[in-house]
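Asks: Below you'll find the structure I mean.
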């Protein structure tokens, strides 16, 4: 009887011991990371200048896009996805000044704490909203080809609105704990690394969210490749069947089909290759200091590429959305040319224009 009671007590203590061991491992890795000083010269001098250019360009392009989309009704799934993409890009753009001032050390150290707890979290949240929306845009173009005449539920505006709301709420709720769990006291020393503001639970949640976001990216990436292989085949077959001799226009229209994949791959793929080893280095006590700094620079470089997405998405609006192009002030005088190109190949237009 005594042995049974002793066994029961040992089992009840086991989960607590396991949790403490897990937390100890995480904190050991974090403490080693904290002792490794970062070489911030590039981050402090070069990237703020580059981000400033991206911010000014992005605010100009997205403000213009906002003005145009205000005058376009949300009458199709394609337009709804584009409008949500624009909102995500605008929010990302508005988060950049905080990063610029913080990284350049032009603002007090308290701003860095704000960046770690709020603006950086919002930036990443809206970035992944944009990634999923680019996947939905590719899916919408895919459906337009395989079901061009069928009025299925997936092509109705109510579906696009519902799935867009779900995406925003899902990413908001998994991102919110990253703000709440950055609850350690901020000091001039601790804000140099955002991980310093997190406890063991915060670091584990950060890892989990990173894994979820990696899963989101690679799922969207693979599906997008599948969609555009089908689209490429359709475009090729369309050109073969049409006996048009205007090869120049054919090449332009073919290029438009792949603008989503190009933007997606150039902006987001490098960051996701660099993100996994960087996050691992922050909680692994075996990563040496030099490698940590190299991974940090790689992460910051690829993060800059991801931020350029706010300037690249307007290319999607221009190349793929006919209604957007027609509303642009600089395109008003080109309606006649656009109409002649529209009549050139109706099937290709159905693929590329929304």
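Cβ coordinates are placed from backbone N, Cα and C, and glycine is handled just like the others.
Sharing the feature lines straight out of Swiss-Prot:
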- 116-194: disulfide bond (DISULFID)
- 1-49: topological domain 'Extracellular' (TOPO_DOM)
- 71-77: topological domain 'Cytoplasmic' (TOPO_DOM)
- 99-117: topological domain 'Extracellular' (TOPO_DOM)
- 139-161: topological domain 'Cytoplasmic' (TOPO_DOM)
- 183-211: topological domain 'Extracellular' (TOPO_DOM)
- 233-252: topological domain 'Cytoplasmic' (TOPO_DOM)
- 274-300: topological domain 'Extracellular' (TOPO_DOM)
- 322-333: topological domain 'Cytoplasmic' (TOPO_DOM)
- 50-70: transmembrane segment (TRANSMEM)
- 78-98: transmembrane segment (TRANSMEM)
- 118-138: transmembrane segment (TRANSMEM)
- 162-182: transmembrane segment (TRANSMEM)
- 212-232: transmembrane segment (TRANSMEM)
- 253-273: transmembrane segment (TRANSMEM)
- 301-321: transmembrane segment (TRANSMEM)
Asks: Looking at 50-70, 118-138, 212-232, 253-273, which one has the highest count of Cβ pairs under 8 angstroms to the transmembrane segment (162-182)?
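Replies: Per the Cβ under 8 Å count, 118-138.
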Asks: Looking only at the topological domain 'Cytoplasmic' (139-161), report the model's average pLDDT.
Replies: 84
Asks: Report, as numbers and ranges, which residues of the same chain sit near the transmembrane segment (118-138): CB under 8 Å and 6 or more residues beyond its ends.
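Replies: Same-chain contacts beyond the ends: 77-78, 81-82, 84-85, 88-89, 91-92, 95-96, 98-99, 160, 163-164, 167-168, 171-172, 175, 178-179, 194, 213, 216-217, 219-220, 223-224, 227-228, 260-261, 263-264, 268, 306, 309, 313, 316, 320.
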Asks: Around the C-beta of residue 116 (disulfide bond), how many further C-beta atoms are within 10 angstroms, looking at every protein chain?
Replies: 24
Asks: For the topological domain 'Cytoplasmic' (139-161), what does DSSP give as the number of helix, strand and coil residues?
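Replies: The composition, in the requested order, is 16 helix, 0 strand, 7 coil.
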Asks: Near the topological domain 'Cytoplasmic' (71-77), which residues from the same chain, at least 6 beyond its ends, have a CB less than 8 A from one of its CBs?
Replies: 83, 136, 140, 154-157, 159-161, 323-324, 327, 354
